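Feature annotations, courtesy of TrEMBL:
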DOMAIN    1-255  domain 'G-protein coupled receptors family 1 profile'
TRANSMEM  21-40  transmembrane segment
TRANSMEM  60-91  transmembrane segment
TRANSMEM  103-122  transmembrane segment
TRANSMEM  156-179  transmembrane segment
TRANSMEM  205-227  transmembrane segment
TRANSMEM  233-257  transmembrane segment
Amino acid sequence: IIPSILFVIFSSFSIRKETRYMLLGNALLCDLIYLLFYTLSAALSAAHVSLPKEACVLQLFLLAVAYCGGLFTAAAIVVDTYIAILFPLRYVTILPSSRTKKLIVFLWICSGALPGIFFLVLSSTHNFVPCVLEMCSIPLIIILTLSGTDAVKLCFWLSAMVIFLFLSLIFCCYAILYFKTRQSGIWESICSRASVTFLMHNTVLFFYFSPLLVLFVESFFYVNIVIGLETGIWVSLTICNVLMILPKVLFPFLYGLRYREISASLKSIVRRKHLHLVS
């Protein structure tokens, strides 16, 4: 469904020029890149194909960039919703399409800078041990990274804190939106569009937040020798293969298909194909 929504966004000028759809398309593009590269990584790991050091580092870097890009764009979508609801008359002047394009470029730069610093620290400390390179498995690398030098651990914790800061920004924006609009009457019915949208956004954000929280707790336990290496690898496997994939699966259905313009365009494409087959 992700390529279909991306096709609708990029093929229609009226949809593409709106800020919310541009941010949605960028988030879906990041998720698609992450899913493609993670599927490739999992397939190579299952086939016991060893990658050169440079290819392994590049693959891990692209995965980190795509994941951070999706996370940062989700935060930008929340800020966009916040501005649209609280400043409706100034929304067009605050976030025109030209400024949104610059914002997306800035998000990609931040998405590349955060893992780039982390990988530079790894390369400077020579922390890529042979077993990691032979497998090039993300769960194994995550758990073994915590056994590295103090500089690597510090960089890991700083990266985690930056991500948690973005997630805290998201939840603060939603809390402010709720308290500022609860007297307007849009929350009276539990099945109202505002209530369903609020629940939908929080569900997606919970699934974005939960793997990082579990990873944080697992890292704390592993560093303090509460759990062993085998348990840490199993927890990392669950995080990477289940918890990190769930929000990327739910995102196009809960966000993309909920927009009337996108769902109507997809229905028209399907209806046109059906009419062509009938004729």
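Numbering starts at 1 and runs along the chain as it is shown here.
Cβ from N, Cα, C; glycine included.
Note on the domain 'G-protein coupled receptors family 1 profile' (1-255): its mean pLDDT in the predicted model is 78. Sequence-remote contacts of a segment are chain residues at least 6 beyond its ends whose Cβ falls under 8 Å from one of its Cβ atoms, and for the transmembrane segment (103-122) they are 22-23, 26, 30, 57, 60-61, 64-66, 68-69, 72-73, 76, 95, 128, 145, 148, 151-152, 155-156, 159, 162.
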